Amino acid sequence: MDEHNRPIHTFQVCHVMEPNQNNWLRTNWIPRQAAQKIYVELRFTLRDCNSIPWVSGTCKETFNLLYFETDEPQGANAHFHPNDYAKIDTIAADESFTQTDLGDRVLRLNTEVREVGPIARKGFYLAFQDVGACIALVSVRVYYKKCPSTLRNLAAFPDTVPRVDSSSLVEVRGACVENAEERDTPRLYCGADGDWLVPLGRCVCSIGYEENDNLCIACRPGFYKAFAGNIKCSKCPPHSSSHTEGSAQCHCEKSYYRTSKDPPTMSCTRLPSSPRNLVFNINETALFLEWTPPSDTGGRKDVTYNVFCFRCGADGQACEPCNSNVRFIPRSTGLTSTSVVVQDFVVHANYTFQIEALNGVSGLGRSERQLANITVSTEQAGPSLVGVVRKDWASQTSIALSWQETEQPHAAILDYEIKYYEKEQEQLSYSSTRTKSPSMIVTGLNPSTVYVFHVRARTIAGYSSYSPKFEFEAADQGQVLVIVTATVGGFSLLIILTLFLLITGLKTYIDPDTYEDPSQAVHEFAKEIDPSRIRIERVIGAGEFGEVCSGWLRIPGKKEIPVAIKTLKGGYTERQRRDFLRESSIMGQFDNPNIIRLEGVVTKSRPVMIVVEYMENGSLDSFLRVQELNSSLIWHSTPGIPHKQHLSRKSTLLFANRSIKHDGQFTVIQLVGMLRGIASGMMYLSDIGYVHRDLAARNILVDDNLVCKVSDFGLSRVLEDDPEAAYTTTGGKIPIRWTAPEAIAYRKFSSASDAWSYGIVMWEVMSYGERPYWEMSNQDVILSIEEGYRLPAPMGCPVALHQLMLLCWQKERSRRPQFNDVVSFLDKLICNPSSLLTLVEDVNSFPESPEDMPDYPLFISIGDWLDSIKMSQYKNNFIAAGYTTLDSISTMSIDDVRRIGVSLIGHQRRIVSSIQALRLQFLHVQQNGFHV
């Protein structure tokens, strides 16, 4: 009985009183089956010889395990020969029991496992030899190990017995399940412990079948799969269907077609309708025909046009094809653009032109030709080019323009169009206006800003080309003063210049490192504070040199103001003290509402302290991540601008109709206000010749009015008075994710590299504090930027803001916007909030309006696009996933690219960069320059 009073069946022996014991117990014959190595598990009890009196010379505490191989069982009367048995091992107990255990019914059960092999015969016997121990054999389990049959990667693997040599594996080739085929030979390796290891190769479901629980099942009606692979069956593309199970492709509906080059994943398409809005413009030597694409392209992008020319009689009848002297530029057939130039026509004649629209399936269907017709008399002429444009006068916000009215012998001028934009900012923003007279006052301009103007005329025959560009500057705020005193002598002019400098408060930053004694710079630029006026409340953080605390500063004659106090920890070196105070000698030179304000320093007592204004909401990145604002914030309250600006009622109502918020936190106009404040602070630094070098959301502080202020000048350096100057660092860590590529590669910093960092800050703000480039390593970030990759627009980001980010991330630093340009642009967005309504997610395909069609090469198939970026090996991946046209890939993210099987990081970056380029082309044209 065991300790639970349950009966146990055992084989026992306990002849311990007599010496020279030789007792045997043998099993029945055990067939080997497939085993090459067997395992024997023994469970037994053994009594401690010391607990039995008077048996010290005869009692043993071990027994022997032996085996004997045969090809068949021995008969019942066969003589037992102990010498036939080979010894496996001598078995000893880990625990033995005593008389006390018997009384307490404590069962000290031992388990021992021994392996035997290789086994070559068909079966074997096991035997147990007792040499004088007190043993009870409770159970014997004989087994062998195998790798069980399994299904892996759509391949079946049979039961497999491992080799005797535990150091080698058994390679097993699998067989593909039904309706699957080998992609690479499926193999598994059987290990010595019966585990399958190292899966290699795979099977994939055949055409028309998809994987489901390690089986390949047929696609349902209405679905298809055109390629072998472990992807799901796809729903039939539009205008096609399948009616049987296991379809490899879907068949087109009536009047819809596919060409032989169209992949089965492509929608069935039809013939296009006729071109629209056919117009002409004519002068003495050329006839210009223009039209817009068909309203129905048949669902295809490979639309081309043929032009047919007929010369007709005076009554428009008796038309016959034009003779070969009439020339078409670039040609008359297979046009991919929507215009053609006709030359060498006969004057004083009537011509009829027909424009035919075709696409890839035009030769497959029978229907009427889709033509647009126009009749032209070569006596008509389009408007001439507008000549010289003059500036009559200019104020701070307006410029008056005039030009000579063009002479039009055959048609009256309907109106003039004036296009204008800030110099070098055409790609960022332009505006246009119309007038019926040859003069115009353009208003709403920025003072002291150079604008570029173009003018063109319109008649019934169409528009002329734009005039050459003319550059005019809006008046300076101090220009009136200069005009009044321009006739004064040199002494007066010097006085006026001095007054101008005093009025504008223009000053230049002085680098503390230029001082022979750095402490002199501290005393010159930072005010010494009596420590008794400072009351520290609590520790709010830790800096590089010590703790950061919040507290109060008592100002004589005024109430206490909240401050933040940076302290220098004890045991510092003189160099650490100098570096700590260096930031105060920098901050003390700044006076701007968007730069953190220095209240003063404590240097004559311990601890050494820097006292700055207290910013209630802390760093911008943390604030964006955790702050949840009341969703009822006033729409026209513009944060980040110390002198409040208010939107018009019309703008306020327009923007309130489509409130763009992030999880109920901020409106987009609030985020733009924050960005405007940061840009204003950086404009101030740039104007005084200062480079920050570490601009990031973590170094922007936010007060309780949501005003953002630039801080942390530990990495900052001075910029020399040279537009091409850049600071070269001598060491220190560079924040890779925020730093411009030239600064990373050559440690060259400039205001342009700060502009790059500002673009990253914009991305942080619009993504609510996400980490730029997510979990990519710094090295991957550097390689990605070198290959042209730029961060995609955050969710809910307006198109205009993402365009500004991309301008900040121009590879050529000379092409990045200056901070005064950024401030001006953001001011326009704030004053015209409707310009923020179009989000990047809203523009995810080709515009339906022909006027907004992008000027971008349209590839006939997905393969053409992949060929152009040398990624043609992924053609099947895109097609199998249903991406077959430019408009479908333009919505893809990097996760989508990974999902279709592009695993190499370099290839992912190249494809995503190309997709971004396509998307930006679509956005640029759809926004038509984006009026702000």
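The first residue you see is number 1, and the count goes up from there.
In case you wondered, yes, glycine gets a Cβ from its N, Cα and C as well.
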| task | Have a look through K527, K566, K604 and flag the one TrEMBL assigns to the ATP site that I540, G541, A542, G543, E544, F545, G546, E547, V548 belong to. | result | K566
| said: Check for me: which candidate out of C134, C147, C176 does TrEMBL give as the disulfide partner of C14? | reply: C134
| field | Length of the line joining the Cα atoms of C49 (disulfide bond) and I540 (ATP binding site), in Å | value | 73
| field | Nearest of the recorded positions (C14, E544, G546) to D694 (active site, proton acceptor), judged by Cα-Cα distance | value | E544
| Which of E544, D694 (the recorded positions) has the most other Cβ atoms within 10 Å? | D694
| Assigned conformation of I540 (ATP binding site) - DSSP reduced to three states | strand
| Can you give the mean pLDDT for the domain 'Fibronectin type-III' (382-477), rounded to a whole number? | 80
| field | Protein Cβ atoms within 10 Å of C14 (disulfide bond), excluding its own | value | 14
| Helix-strand-coil residue split for the domain 'SAM' (861-921), DSSP-based | 43 helix, 0 strand, 18 coil
| said: I'd like to know which of the recorded positions C134, I540 has the most other Cβ atoms within 10 Å of its Cβ. | reply: C134
| task | Could you say which of the recorded positions C59, V548 has its Cβ with the most other Cβ atoms inside 10 Å? | result | C59
| How many neighbouring Cβ atoms, not counting its own, are there within 10 Å of the Cβ of A542 (ATP binding site)? | 10
